[in-house]
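Over in Swiss-Prot, the protein carries these features:
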- CYS416: active site (ACT_SITE)
- 58-59, GLN136, 182-184, GLU202, ARG207, 248-249, 269-273, 279-280, TYR328, GLY498: NAD(+) binding site (BINDING)
Amino acid sequence: MTHTSSSNPRLDESRTIIAPTGTALTAKSWLTEAPLRMLMNNLHPDVAEHPHALVVYGGIGRAARNWQCYDKIVEVLTRLEDDETLLVQSGKPVGVFKTHTNAPRVLIANSNIVPHWANWEHFNELDKQGLMMYGQMTAGSWIYIGSQGIVQGTYETFVAMARQHFDGKAAGRWVLTGGLGGMGGAQPLAATMAGFSMLAVECDESRIDYRLRTGYVDRKATTLDEALAIIEESKQSGTPVSVGLLGNAADVYADIVQRGIVPDITTDQTSAHDPLNGYLPQGWSMEQAAEMRLKDEPAVVIAAKKSMAIQVQAMLDLQKSGSATVDYGNNIRQMALEEGVANAFDFPGFVPAYIRPLFCEGIGPFRWAALSGDPEDIYKTDQKVKELIPDNPHLHNWLDMARERIQFQGLPARICWVGLKDRARLGKAFNEMVKNGELKAPIVIGRDHLDSGSVASPNRETEGMMDGSDAVSDWPLLNALLNTASGATWVSLHHGGGVGMGFSQHSGMVIVCDGTDDAAERVGRVLHNDPATGVMRHADAGYDIAINCAKEQNLDLPMLSEPK
């Protein structure tokens with residue numbers, strides 16, 4: 001049954017989706033209840049950016065293709081048996097097949113297009129015809145947990161930047177950025193947690209207001225003078241503050257250059273990966289952009305990319321003036337390059353500059369959510385992480401700050417960057433906590449697709465690989481296949497997340513800890529094998545940290561000792 005209230009099958013203003021909580025099952029087991037709740041959680045009004053349109057985050061990253069498909073997915077998950085697998089093709093449930101109890105209950109493929117046709121123009125045509133949807137990374141794979149999902153990764157990046165550029169001292173320094181959407185909205189909180197102040201430019205006032213309500217932004221400004229005065233005050237006091245400035249990023253960045261002001265760090269997290277839907281051209285209102293998207297898509301794209309070129313040129317100018325400038329993975333450099341900014345890639349991406357050593361040890365954005373809906377279940381797992389990893393004060397500090405400063409969105413959840421050495425141990429411990437009743441209901445464990453072995457993205461995660469293998473996308477395919485073989489509860493394989501059509505392929509997995517012995521076996525396999533593929537991928541590329549980690553963890557990599 002469908003409830004759509006307009007001629008657009010993707011829009012239904014009457015819908016409010018909130019996942020069930022507690023121990024009563026809607027589906028036949030926790031293995032199907034879990035994907036059902038996490039799908040619904042992606043569309044919770046406190047989680048999704050535009051839930052009535054099925055948009056979770058990242059421009060047009062959706063949880064389901066349309067409301068009819070959403071309803072059918074829910075219906076199938078409630079009747080799915082524990083030896084059946086649902087196949088989802090770009091947000092549409094297309095088949096249920098008999099498999100076995102250790103197979104995934106759901107297999108998802110989103111936004112995948114044969115490479116020659118893998119561009120926004122062809123995707124948008126398919127999208128209009130109702131043949132495809134954009135899954136982003138965790139939108140269409142049902143494991144988005146709100147802005148917390150990227151806070152720690154952003155925090156780790158800012159900490160690394162403080163260490164690399166400022167001798168570890170962030171006090172009195174500030175960051176210029178753009179974008180306060182589902183991903184970018186994590187930046188202000190991550191910056192202040194790391195000791196920096198931040199000026200974040202956002203063209204949608206409702207996003208600034210939402211980040212204020214949820215504690216991600218401290219102050220709001222409507223003029224650059226007002227925002228800079230707040231930043232100057234924080235520099236003098238040494239107390240970090242974040243400011244959301246209502247404005248256009250291209251305008252503001254160029255104005256800052258014109259004034260001769262140099263931020264300590266410059267970056268950007270606008271949705272530049274999608275010039276049609278994600279970036280507001282200079283001089284345009286939000287209403288004008290929405291209208292033009294319906295009337296003249298090419299004109300919107302042209303205007304957006306011209307504005308991106310102006311913003312990137314300003315970032316290059318700030319870099320020359322001494323600002324530590326970094327691309328935060330939205331492909332804005334590529335867009336500017338296509339508009340004639342020949343040296344757009346003169347500033348690095350954040351992964352090769354600051355994150356890759358972590359990836360070499362399989363360390364990445366491990367996350368879990370409490371299906372009970374009770375925050376106490378998360379606090380208990382926080383404590384378990386501290387018990388099992390007692391000698392990592394940086395991690396303990398993160399968990400303490402997260403509890404104090406991060407508001408849960410939808411189901412209570414936690415993000416925690418750990419790697420190959422720890423993920424399986426933690427997962428099995430969580431499963432045991434469910435088994436013995438310490439936790440009120442099962443836990444789901446997943447991750448971002450932005451992880452060490454699950455993505456090929458030459459302008460982001462795999463930029464500048466030392467062996468030149470940036471564009472080799474066999475690795476995320478192998479990761480998805482191995483997670484399927486290992487018994488993950490649901491596995492996803494996507495294209496275009498983060499950086500847009502034609503620029504990335506990536507995979508995700510989620511595993512349910514339901515307290516059973518079978519779950520313990522599956523958790524052990526999946527949470528070892530998944531990060532191990534990241535160590536394998538980086539060892540194969542020749543990174544010493546990864547090679548040493550592979551040897552320490554006794555990974556069987558047949559070509560490791562052979563010359564390249």
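Each residue, glycine too, has its Cβ placed from N, Cα and C.
Here the structure is a predicted model, which means the values were calculated and not measured.
Features as recorded by Swiss-Prot, highlighted on the structure.
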{"residue": "GLY58", "record": "NAD(+) binding site", "CB count, 10 Å": "28"}
{"residue": "GLY182", "record": "NAD(+) binding site", "CB count, 10 Å": "28"}
{"residue": "GLU202", "record": "NAD(+) binding site", "CB count, 10 Å": "27"}
{"residue": "ALA249", "record": "NAD(+) binding site", "CB count, 10 Å": "30"}
{"residue": "SER271", "record": "NAD(+) binding site", "CB count, 10 Å": "27"}
{"residue": "TYR279", "record": "NAD(+) binding site", "CB count, 10 Å": "30"}
{"residue": "CYS416", "record": "active site", "CB count, 10 Å": "20"}
{"residue": "GLY498", "record": "NAD(+) binding site", "CB count, 10 Å": "26"}
Distance, CYS416 (active site) to GLY182 (NAD(+) binding site) (CA atoms, angstrom)
18
Under DSSP, is ALA249 (NAD(+) binding site) part of a helix or a strand, or is it coil?
helix
Of the binding-site residues GLY58, GLU202, ALA249, SER271, which one has its Cα closest to the Cα of CYS416 (active site)?
GLY58
